[in-house]
Amino acid sequence: MHQTQTDLMAFAARDAPLPPGAALAFTRVGGDPGFDLPEAIRRCAPRRQATFASGRKAARDALRKAGHRGDPIPGIAEDGLPDWPAGWLGSISHSDEIAAALVAPIGGVRLLGLDVERIVTAEVALQIAPDVMPERPLGQPPELEVTRAFSAKEALYKALYPLTRQFREFSAAHVDWSGGGPDRVTLSLTEDWGADWPTGTTFDAAQRVAAGHVITILWR
């Protein structure tokens, strides 16, 4: 039986630890999402429309899987972040090919970060490594290591920015894979990220590799 990219990614992430009541969904970018786009998005370039629609479709699918009743499609809040249904927290990510969403009911989780990244080429890895992971010597081959570091830090940003409304550079966190095996990564803040997340705070995240992508799931 032929398996699509989304099938492979969902299978790879099937055993990833999730918050209580959470659900994860994947969908391909493109095609008819089955709902109308907001007017502001309809004025955007076709690629932006496609990634937005696919991300919202994944969010709707994840909310349904998690037991949310109705047909929820997160809108756009005034600050540009997804406008999740009352009582729910979520995170959306996409590459050029795949969109994904992770949702959980508020109460069992305080922050949630999801990132999906296409594994970069060796050339790109060498270019971005000094910014993405200045704290680590670059291993060989660098493609997967750099993509994993990039994805981990993106997931951390997606988890903390909605709480703090503060941007940080990649250097704001160190990555370490030594403590939990190849599918776990620990991020340590090298500077304060808002009042509740001081320097030295650590976050554990799960990572999976499938269909040429890295998937990072971070929550607390």
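Including glycine, each Cβ sits where the backbone N, Cα and C put it.
Keep in mind that TrEMBL annotations are predicted by a computer and have not been checked by a curator.
Counting every protein chain shown, 23 other Cβ atoms lie within 10 Å of the Cβ of Ser93 (CoA binding site). Annotation source TrEMBL lists CoA binding site at Arg48, Arg56, Ser93, His94, Asp115, Glu154, Lys158.
Under the heading Mg(2+) binding site, TrEMBL lists Asp115, Glu117. DSSP assigns Glu117 (Mg(2+) binding site) to a strand.
Under the heading domain '4'-phosphopantetheinyl transferase N-terminal', TrEMBL lists 40-104.
In the domain '4'-phosphopantetheinyl transferase' (112-190), helix, strand and coil residues by DSSP number 37 helix, 17 strand, 25 coil. Among the features that TrEMBL reports, domain '4'-phosphopantetheinyl transferase' is placed at 112-190.
Long-range neighbours of Arg56 (CoA binding site) (same chain, six or more residues apart, CB within less than 8 Å of its CB): Pro33, Phe35, Ile73, Pro74, Pro82, Ile92. Taking the Cβ of Lys158 (CoA binding site) as reference, residues of its chain lying under 8 Å away and at least six apart in sequence are, in sequence order, Ser91, Ser93, Leu112, Gly113, Leu114, Asp115. Counting in whole angstrom, Arg48 (CoA binding site) lies 17 from Glu117 (Mg(2+) binding site) by their C-alpha atoms. Across the domain '4'-phosphopantetheinyl transferase N-terminal' (40-104), the DSSP tally of helix, strand and coil residues reads 23 helix, 18 strand, 24 coil. In this model, the domain '4'-phosphopantetheinyl transferase' (112-190) carries an average pLDDT of 92.
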